[in-house]
Amino acid sequence: MNPSRILMLLVALVIAGGTVLFLRSYLNAERMAAQRTVVQPVQEPPKPALQVLVARGDVRTGQIVKPDDLRWQAWPEGSLAPAYVVEGRRPLSDFVGAVARFPISAGEPITEGRVVLPGSRGFMAAVLQPGMRAISVPVTVTSGISGFVFAGDKVDLILTHALQPAVQGEKEAHASETILRDIRVIAMDQRVDAKPGDPAQVAKTATFEVTPKQGEIITLAQEMGKLSLVLRSLQESSDEPAPEGPSYTRDNEVSFLLAPRPSSRPAEPPPPAPTTTAPPPPAATITIIRGSVVADSVPAADGKNGSGGGTKP
């Protein structure tokens, strides 16, 4: 055999063997690297926390809940109670106008068990403070201030009525007087709340929170004349002292033509003073002594001596 061919064959065998060894070592290295690689589990993105309806501030017992008293707050799903109100499942407006059964602290969840919803049984009784009563009166566009009185406002009540003439034949007079002050409105018709953006609505009845005595006054006033509401400022404090004495206005203070005028009839003379007769002065007595006889004598009116009035031994 040609030596050159033998040499080329040996070189080819060496190259083939080296290639096999290289490929084997490379594959072993890849296998070892794959075994050392730790498979990381795929992490799901965290779920967003649910929004729960809570009290924005402290709510006292009997307080009417307004939109500013409520807010949504993130709440862990693991501690979510079935009674909690979750955003997207129920609107916040369902609880506007509700009345708190118990005190609710700021950040505490609002539930149906802690409030009385409008229209529910016992709602009006929950609105009233202890010892107070509810009474309704009819109102008109003018007496109800064109619908700008809402639940929670404070008003004064003015009664306008006729006055019976003091003298027969005189014309009937009229007067208005403030009969009650600082009365809390708890409902206009059947509405106990005013939602933001709602237009003013003219109600037919207004319901007030009053004491038993004030309820009697309002009931009688409705029979006497016309009642009107006077809206008080929200900036007024209920602790401010009330004006002293009654406040009223007569019709002759409104119109000068109704001012009292002097009567055309002559004034009657005063009755004569009663006359008294002075008692007569006591009569003069003359004592006459004749020896052992003593006699009293009263002179007569004509100057003559009268008879003896008596004898003394």
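Any Cβ shown, glycine's included, is placed from N, Cα and C.
Copied over from TrEMBL, here are the features:
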type: TRANSMEM; residues: 6-27; note: transmembrane segment
type: DOMAIN; residues: 50-116; note: domain 'SAF'
type: REGION; residues: 256-313; note: region 'Disordered'
type: COMPBIAS; residues: 267-283; note: compositional bias 'Pro residues'
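Here the transmembrane segment (6-27) has no Cβ contact under 8 Å with any residue of the same chain six or more residues outside its ends. Here the domain 'SAF' (50-116) returns a mean pLDDT of 90 for the predicted model.
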